[in-house]
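**Q** As listed in TrEMBL for this protein:
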- 1-25: compositional bias 'Basic and acidic residues' (COMPBIAS)
- 47-433: domain 'Major facilitator superfamily (MFS) profile' (DOMAIN)
- 1-39: region 'Disordered' (REGION)
- 43-64: transmembrane segment (TRANSMEM)
- 76-100: transmembrane segment (TRANSMEM)
- 112-130: transmembrane segment (TRANSMEM)
- 142-159: transmembrane segment (TRANSMEM)
- 171-190: transmembrane segment (TRANSMEM)
- 197-216: transmembrane segment (TRANSMEM)
- 276-302: transmembrane segment (TRANSMEM)
- 309-331: transmembrane segment (TRANSMEM)
- 343-367: transmembrane segment (TRANSMEM)
- 379-399: transmembrane segment (TRANSMEM)
- 405-426: transmembrane segment (TRANSMEM)
Amino acid sequence: MNRESSDSEAAKPARTPLLEKRTTGPDEGGGGSSSSSSSATPVLVLTTLVAVSGSYVFGSAVGYSSPAQTGIMDDLGLTSAQYSVFGSILTIGAMIGAAISGRIADYIGRRGTMGLSAVLCITGWTAIALSKISLWLDIGRWLVGCGMGLLSYVVPIYIAEITPKDLRGGFTTVHQLMICCGVSMTYLIGAFVAWRALALIGIIPCLVQVIGLAFVPESPRWLAKTGRSKECEAALLRLRGKNTDISQEAAEIWEYTQTLRRLSEARISDLFQRKYAYSLIVGWGLISCVQIPMTALGVLLMDKSGRRPLLLVSAAGTCLGCLMTGFSFFFQDLQMWTVFTPILALVGVLVYTGSFSLGMGGIPWVIMSEIFPINMKGLAGSLVTVVSWLGSWIISYAFNFMMDWSSAGTFFIFSSICGFTVLFVAKLVPETKGRTLEEIQATMNPF
């Protein structure tokens, strides 16, 4: 009997401080505590708002170059090539920041990484606002890009780690919504203020985040990963409410952490092992082998074939790609042609990606810059940007729900929307090739 008891005890996972205080149910430990962790507490809402201040910084950095272009080029005497460097160096910094974001977030924590990002962005915006030559302008833009790259990883990760599972989807998509707000507000404000003032305004959300980080908890999951069990429990209680029973969630966090410790740490070289070769080839191919050539082809053809033909071909191609993907799920659900359906899905995705890159990915922004008169361009451009990013947010939020409803039906709906786009372009979108802006605007907006 004693032998069996000792074996049973040995088989149980070791008790940890993370679980020690919260293993009793709400009726055993004094009563009154709630077992639900799905409510949006004030601390959770505040913490999310502080995090998505970084998302707003992301959007403001993306939206800055358009309204600031004329002022910067006139004041500093930049050529088009020099300003192109200024505009594009943001993405180089973002790639660097994104590449190191995971390691930094694991080493100094989620809050620390967001704080570091805010410092980089403050430094970058200040350098832009005070720059007298293009070199400091580019350095500032690059620093903002590095901060943006860190934010692009750590903000959604942090929000996902602090929110209950029933609220995670909605709270995480606020990240995308705040990016949209940052882009549109920067575009709107830039129509009324000088470029240096616009750069200084970009510092405000960074300061909000730096100050706010002092009042929000660290990610409980990161604290558990680093062995800080008491701090993890304290953070979880702040996020869920002091009267909430967190024992089940704490147990899940600890189990997950223990699982991670049993696994070897992933290295970049592991990605190139033979077992990952197929996934790597497909992933790289969809990005590089399809998008880049098709985008380049669209650039070459835009002023030769015209905007409308490219848009019509592109919209029709996206319609076909979604239709093929939808049929692949449809046949899979019916257990028909199961060997053929994965190929059909892959071809559908490739057709959609290539077609989108050919025209729909870039030409609408070209036409947007052409059709609005100068006195309305700031406001109209802001509205178009809001609609575009809001549409992206709606799709990203609704996609999982739609796929749960019907995978085939989801892509059939997308295909129908793309088909409607063909009709919209054919009936309403003007051809702007070879016409001056004044001619286009006079035709569309007669005064």
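Just so it is clear, glycine is given a Cβ too, placed from its N, Cα and C backbone atoms.
Bear in mind that TrEMBL entries carry predicted annotations, made automatically and left uncurated.
How buried are these features, and what lies next to them?
**A** Counting same-chain residues at least six beyond the ends of the transmembrane segment (43-64), those with a Cβ under 8 angstroms from any Cβ of the stretch are 90, 114, 117-118, 121, 144-145, 147-148, 151-152, 154-155, 158-159, 162-163, 167, 171, 174-187, 190, 198-199, 201-202, 205-206, 208-209, 212-213, 215-217, 238-241, 385, 389.
Non-local neighbours of the transmembrane segment (112-130) in the same chain are 51, 54, 57, 61, 97, 101, 104-105, 136-137, 139-148, 150-151, 154-155, 158, 196-197, 199-200, 202-203, 206-207, 209-210, 213; each lies 6+ residues outside the stretch with a CB under 8 Å from one of its CB atoms.
Tertiary proximity for the transmembrane segment (197-216) is limited to same-chain residues at least six positions away from its ends with a CB under 8 Å from its CB atoms, namely 43, 46-47, 49-51, 53-54, 56-57, 60-61, 64, 67-68, 111, 114-115, 118-119, 121-122, 125-126, 128-129, 140, 144, 182, 186, 189-190.
Through the fold, the transmembrane segment (405-426) approaches residues 308, 311-312, 315-316, 318-320, 322-323, 325-327, 329-330, 333, 348, 360, 399 of its own chain, all at least 6 residues removed from its boundaries and within a Cβ separation under 8 Å.
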**Q** Within the same chain, where does the transmembrane segment (142-159) have neighbours whose Cβ lies under 8 angstroms from its own Cβ atoms, ignoring anything closer than 6 residues to its ends? I mean 6 or more beyond.
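**A** Contacts with the transmembrane segment (142-159): 48, 51-52, 54-55, 57-58, 61-62, 89-102, 104-105, 110-111, 113-114, 116-121, 123-125, 127-128, 168, 171-172, 174-175, 202, 219.
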**Q** Averaged over the domain 'Major facilitator superfamily (MFS) profile' (47-433), what pLDDT does the prediction give?
**A** 81
